[in-house]
């Protein structure tokens, strides 16, 4: 990574009135011009990180850096960041122009320059011509665009977005996801986006930080996190998963459901207990005798693009299958999957331990025939 625009170094936060620790030794670096997402459930600490970057909250310990300089004691108005809040925080008595121009007027920017910059900012969010429109007469999506225009008009280095799409209906929220992502690419500004919506994070981000209980439990590209969840929490929080107990017999061979299957994972102890993850969309329905597993269909729901089928094997394990084929409740079906569809999770492994294990294992492999090496090389190229 080039010099990070934002960095957290061992940042913790404790609310003194309650004694609650909401951030625990947080470390990360943000590169300029990328779209980052802090993803987690309510109370995970994601908004606290955003507020510390903005200067709305102080870190209890640790350092917050902007362009390599410590900004813990720098006031809000001296930080080159701008926040878009969930409520948008627009002035209802002002029209669109005055809302967007507010900060420029405070800085006593010349009137002609204000008009030009407001017009350009509104054009960026497809609201040029709305300058005289009352805020009260705008739709939710239009108010969102005004808030974003106000955020970018000062050309900040970083834009912070605190669940800005959560109040919108599904269709409008999806449209705004596209618009926000395209806007960020055009501007080249670092966006830090907070959400509890996994699909939103996967769709928009260059890099995701998954948070739980004040800690970053995994970070990576959307593809990395979806395809290689680090633990049970991430696997269940990001998308739907079938998770079963298993045993890693040896490299590339795992046992679950009383059977042994080829996999693409290695670097673990022989006969080590693990958890096995197979995504619902990676399961193919076959004739019972042709499947690697046999299950009985319990129920199904039509989700528009696929049927969501719930089935049980003879050990009582529940299986979720996403299929374009409609099943018959009560029928026995076969399930087929490929070795690369099987994702192995060590029990209670941290992200640091995972990275160290993979690095050590790759060094042991021959480059020309090392499967793990090839996978890691591919992931490295995708992240470059």
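Placement of Cβ uses the backbone N, Cα and C atoms for every residue, glycine included.
Here's what Swiss-Prot has on this protein:
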BINDING   40, 41, 42, 43, 44, 45, 46, 47  ATP binding site
DOMAIN    6-238  domain 'ABC transporter'
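Features as recorded by Swiss-Prot, highlighted on the structure.
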residue: 40; record: ATP binding site; Cβ neighbours (10 Å): 27
residue: 41; record: ATP binding site; Cβ neighbours (10 Å): 12
residue: 42; record: ATP binding site; Cβ neighbours (10 Å): 7
residue: 43; record: ATP binding site; Cβ neighbours (10 Å): 14
residue: 44; record: ATP binding site; Cβ neighbours (10 Å): 24
residue: 45; record: ATP binding site; Cβ neighbours (10 Å): 22
residue: 46; record: ATP binding site; Cβ neighbours (10 Å): 29
residue: 47; record: ATP binding site; Cβ neighbours (10 Å): 20
Overall pLDDT of the domain 'ABC transporter' (6-238), taken as the mean: 92
Beyond the site residues 40, 41, 42, 43, 44, 45, 46, 47: chain residues whose C-beta lies within 8 Å of the centroid, for ATP: 48, 196, 211, 212
Coarse DSSP state, helix versus strand versus coil, of residue 40 (ATP binding site): strand
